[in-house]
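Report on one structure; see the data block that follows.
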Amino acid sequence: MSHQSELIAQDINAYLAQHEKKELLRFLTCGSVDDGKSTLIGRLLHDSKMIYEDQLEAVRADSSKHGTTGEKIDLALLVDGLQAEREQGITIDVAYRYFSTSKRKFIIADTPGHEQYTRNMATGASTCDLAIILIDARHGVMTQTRRHSYIASLLGIKHIVVAINKMDLLDFNESVFENIKADYLAFAAKLGMKDVMFVPISALDGDNVVNRSEKSAWYKGQTLMEILETVPIAGDKNYTDFRFPVQYVNRPNLDFRGFCGNVASGVVKVGDEVRVLPSGKTSHVKSIVTYDANLDEAFTGQAVTLTLTDEVDISRGDMLVLARDQVPQSNHVRAHLVWMTEKFMQPGSEYLFKFASKLVSGQIESIGYRVDVNTQEHSQVTHLQLNDIALVDVLLTQSVVADKYQQNRATGAFIVVDRLTNITVGAGMVVEQLQAEQTTPVNYSEFELELNALVRKHFPHWGAADLRKLLK
């Protein structure tokens with residue numbers, strides 16, 4: 001099936017060992033309706049030989065029923081899995097796909113191109129390292145292009161690849177390519193985008209996707225796959241500011257007490273002095289435990305269990321940082337907020353806010369402005385509705401560690417949860433911490449407390465927070 005099918009057949013252990021060491025790149029594709037996002041992903045999977053024969057046969061059969069490419073096989077059907085999407089020829093949900101080459105592993109997020117699915121795109125973009133912005137060569141930079149680029153920039157994606165698609169319909173005209181490139185760069189400069197690359201492609205025929213095209217001799221740059229395999233992403237991670245949100249306290253016996261979680265950013269070593277937030281107590285790292293073996297140090301992204309030299313009171317939601325670092329905490333932050341539910345958001349409404357592993361109650365205090373995702377213009381509004389993006393001030397009942405999102409995506413992001421239904425209603429990216437304010441405790445009605453108890457009793461899989469504990 002793949003480039004390593006022979007190695008898999010001969011020595012599966014060697015293949016797995018080699019595969020484990022590969023770097024992982026997460027990227028998303030976004031563009032206007034019919035720009036060819038799903039076709040491009042299908043082409044990447046097909047030309048990198050990551051499609052099973054039975055999958056290919058199924059797509060050939062479906063092409064005659066749902067296909068949009070005439071006699072040619074419709075590779076978009078490899079990705080458009082939902083029946084509603086196939087019948088409409090569009091992408092609604094975020095479709096994730098996995099593939100690998102000899103150099104890297106990839107996770108693709110195929111995101112919706114329509115404005116009414118802005119929340120879906122924001123979800124797909126939140127964990128990505130790179131974005132492929134598709135532009136139809138016949139139409140150039142459009143309103144949707146600006147919207148997707150703005151969202152990618154807002155979500156902290158540092159690498160942008162502009163794939164100018166359907167160049168085959170214009171005979172790979174170099175002047176068309178250069179004009180679109182100039183238009184996009186003028187817009188990208190306003191968003192502060194620095195690493196922007198351009199590739200002329202035909203997703204339908206495969207030109208410059210995986211294999212270099214003979215139709216564009218004037219193009220001397222890399223193919224799309226070469227860019228994906230070589231773009232440097234290791235430097236994008238924050239290895240400076242150690243942040244360790246405690247997810248679980250592990251006590252298998254009386255002699256062991258470890259704190260489990262993912263290293264959100266930075267590096268920690270055995271012997272390092274750490275501070276527990278919010279209590280401020282300090283201790284030293286005694287050991288770094290993993291399933292395979294103990295480590296001398298742990299890096300960003302690793303799931304580990306830390307043990308400390310002292311008996312310190314630590315629970316889920318606490319944050320471990322290096323004692324020498326000055327890490328500010330506040331209960332008042334300014335953030336960009338993506339609203340994700342049909343129920344309007346009115347300033348002053350009470351919600352639960354989840355920062356890393358810490359759940360705290362609070363309110364969206366005020367709306368600074370709403371951003372028009374198509375024009376990036378600001379407007380004053382009294383409430384937010386589905387798919388709105390706005391600058392807001394958030395006031396919490398407790399102080400949290402909230403880094404700037406552009407500096408630390410792991411601890412600069414939060415979600416907003418409806419306190420009764422436990423539904424995620426918004427996602428936020430911290431712009432700055434504001435001066436802490438005194439807050440009055442949230443007063444839940446007896447009905448709200450009883451309803452919350454019933455939800456937790458009969459629907460434990462929803463993971464609803466215990467409101468009574470939040471009042472303590």
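Heads up, the Cβ atoms here are built off N, Cα and C, so glycines get one too.
For 22-239, the entry in Swiss-Prot reads domain 'tr-type G'. Sequence annotations record features per position, and here Swiss-Prot assigns region 'G1' to 31-38 based on similarity to another entry. As annotated by Swiss-Prot, GTP binding site applies to 31-38, 110-114, 165-168, with the evidence given as sequence analysis. The annotation region 'G2' is assigned in Swiss-Prot to 89-93 on the grounds of similarity to another entry. The feature region 'G3' is assigned by Swiss-Prot to 110-113. Swiss-Prot lists 165-168 with the feature region 'G4', giving similarity to another entry as the kind of evidence.
The DSSP breakdown of the region 'G4' (165-168), given as helix, strand and coil counts, is 2 helix, 1 strand, 1 coil. In the three-state DSSP scheme, Thr111 (GTP binding site) falls into the coil class. Helix first, then strand, then coil: DSSP counts for the region 'G1' (31-38) stand at 2 helix, 1 strand, 5 coil. The Cβ neighbour count for Asp34 (GTP binding site), using a 10 Å radius and every protein chain shown, is 16. Within the model, the region 'G4' (165-168) carries an average pLDDT of 94. All protein chains considered, the CB of Gly31 (GTP binding site) has 23 other CB atoms within 10 Å.
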